[in-house]
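**Q** Below: one structure in structure tokens.
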């Protein structure tokens, strides 16, 4: 029996094993003398320093005061570029109208990306504080101002360690997450062409500060939108026999659409069809010529989304015809592509859990159930391995925070160092792992640089 192993075959295995083992000591000063766990811990300590924390707060407040909707984030982009200039970080601009893509590290492979969305929402802020939105009808009600500040904070942390980075971190500041499909446009622009993985996060009002939550596989649903015009023939409400009533037809359509989930979908395959718009008629005694309805549909697989889309169109047109009406259906796909499901890579899930557990503690890393919300981060995940997680910001000694997309939404600014440190740690440690798997790339500079 052969009882020994070729040592040369064992070395790569040991390197990878030790990289994932909390007791390993890496030679680089990035990991320090205490090993890989020191990276997340030191990065969090650095992010919590008053100078850096105050800097992130200041950036976040400037962005909050001047919210900009999708593809209008010109001042936000200008602020980002100004801060990158001060840090000496090169970048590309414009990308997909207002997007900015920065680079920290060697300019060579491996490449890993961290992402922040920049756009605000068409909501009138009702929170009265010193840095309330100065733009009527616009508000950062989903935390994107915090997301930008965190990635800039991560950039500052990484810049401090730039000589020790084992590759390049790509900083993706994207426009138009809120329904505009900004991630798809960034992807089409080639910003991830050489990138091996991408990480993204979202602040979350319900979870305690200092905790994170996510899961491998499907995390958020894919989604699409639809509008339909149901046309009949208007007339006097007292003489319905002389009209073709589109309101009755639209009412039947709405009831029938609910059967798509309750009667046609697998009960174990979560799906949603919601009609959220119904517009028709202005007078109480007049049957209108037409009615417009609209809504959203959601599912956790592309196959289910395609099936829902086909059936929504068929049901609307079929039920309208039963009532002698005509119907046209618009899914707005050319203007706003349907968002695919957000599906987390399983290997990156393990990487995330290891890094977050070292930084925050095992008890602060939570598994969560999938949500029916959607995220255009999913477009990145269709192209390369990606990972998305939620970062808690509820101070349990303070009043309960309002939900995202609420006019009363506020950010607990103590969350900013956590987001910055997690972004920086996930990226830096991923580069260390990837370095072991790459052949020599001397002289192979990233073409954007």
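Here the Cβ of each residue, glycine as well, is placed from N, Cα and C on the backbone.
Automatic prediction, not curation, is the source of TrEMBL annotations.
As annotated in TrEMBL:
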type	residues	note
SIGNAL	1-27	signal peptide
BINDING	142, 144, 178, 202, 405	Mn(2+) binding site
DOMAIN	222-318	domain 'Peptidase M20 dimerisation'
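Map the listed features onto the structure and describe their local environment.
**A** Remark: residue 144 (Mn(2+) binding site) has 116, 117, 118, 119, 120, 177 as non-local neighbours, by Cβ distance under 8 Å and separation of at least 6 in sequence.
Regional average pLDDT for the domain 'Peptidase M20 dimerisation' (222-318) in the model is 97.
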**Q** Show which residues of the chain containing residue 178 (Mn(2+) binding site), separated from it by at least 6 in sequence, have their CB under 8 Å from its CB.
**A** 69, 70, 117, 119, 120, 121, 142
**Q** Note down the number of other Cβ atoms within 10 Å of the Cβ of residue 405 (Mn(2+) binding site), including every protein chain shown.
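**A** For residue 405 (Mn(2+) binding site), the 10 Å Cβ neighbour count is 13.
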**Q** Restricting to the chain of residue 202 (Mn(2+) binding site) and a gap of 6 or more, list residues whose Cβ falls under 8 Å of its Cβ, or answer none.
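**A** Listed in sequence order, they are 143, 147, 375, 388, 389, 390, 391.
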